[in-house]
Amino acid sequence: MSETPRLLFVHAHPDDESLSNGATIAHYTSRGAQVHVVTCTLGEEGEVIGDRWAQLTADHADQLGGYRIGELTAALRALGVSAPIYLGGAGRWRDSGMAGTDQRSQRRFVDADPRQTVGALVAIIRELRPHVVVTYDPNGGYGHPDHVHTHTVTTAAVAAAGVGSGTADHPGDPWTVPKFYWTVLGLSALISGARALVPDDLRPEWVLPRADEIAFGYSDDGIDAVVEADEQARAAKVAALAAHATQVVVGPTGRAAALSNNLALPILADEHYVLAGGSAGARDERGWETDLLAGLGFTASGT
């Protein structure tokens, strides 16, 4: 197929794209694919690492969201994506915070009118016409309310984008997304990667997670696809994570990173997926696709 492949990743906050799909995004952009990332909020309720940005948080100046626009822009540039896309425009819906976070605004993403959120994403899908859409599983990966809601909104938008044409809620020509994936954490890959870390990879304050702290991962038999990126793509992922400096610290060797909880996780080149919609392409001996574009008529290189 001579057409340029198009992939769309839908995430809740800045940094989610790099943590979950950084190597995948870099893998496809380096092969000439058109990749876009939609971010649903500015991540205003995020914690920050260290004192340097402490006054930006919601409890102080409440300027973290605006600052994170710059972080996301730099991270996407490292991954080969030209610019971020914010659902409804930057700042339209606010980070809802973790479960139990005080409601600071009537614009919380989880409280938004679904006609508006789904409609905004349908418009993006119909404009970009992606061959692949990626978002979280129904649990939002680890259960963050915005991640769960992003799954709900994206699932509804993928379905609605292919139905009808030119309505007030869903303008534009319909587009049926050929393949729809959930991004998931491959548990065995994470455990193997964590076991391979050595003290030189870690900062002194970091600890390796216990098994119950990574219980949201998927076993191998629950996975449908893997993107096994090369070292160049993994290096781009490291650079993207480093760009999210309010949220992520990359270790001294670039083999591990941690959030504000100081749990050290390996920075993996392999990223895993579950096929939620569309037909699978060729699978390997593990029963996994090794290309999200498999079965769509593109060449093995993804272009």
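Every residue, even glycine, has its Cβ placed from backbone N, Cα and C.
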Residue in His147, His149, His151 which Swiss-Prot records at the Zn(2+) site where His13, Asp16 also bind: His147
Assigned element (helix, strand, coil) containing Asp16 (Zn(2+) binding site), judged by DSSP: helix
Cβ-Cβ distance under 8 Å to Asp16 (Zn(2+) binding site), same chain, at least six residues away: Thr39, His147
Cβ-centroid neighbourhood (8 Å) of the Zn(2+) site, His13, Asp16, His147 excluded: His11, Ala12, Asp15, Cys40, Gly43, Tyr136, Gly140, Gly141, His144, Asp146, Thr150
Neighbourhood of His13 (Zn(2+) binding site), C-beta criterion under 8 angstroms, separation at least six: Thr39, Cys40, Thr41, Leu42, Gly43, Gly46, Arg68, Asp95, Asp146
For His147 (Zn(2+) binding site), the number of other Cβ atoms found within 10 Å of its own Cβ: 24
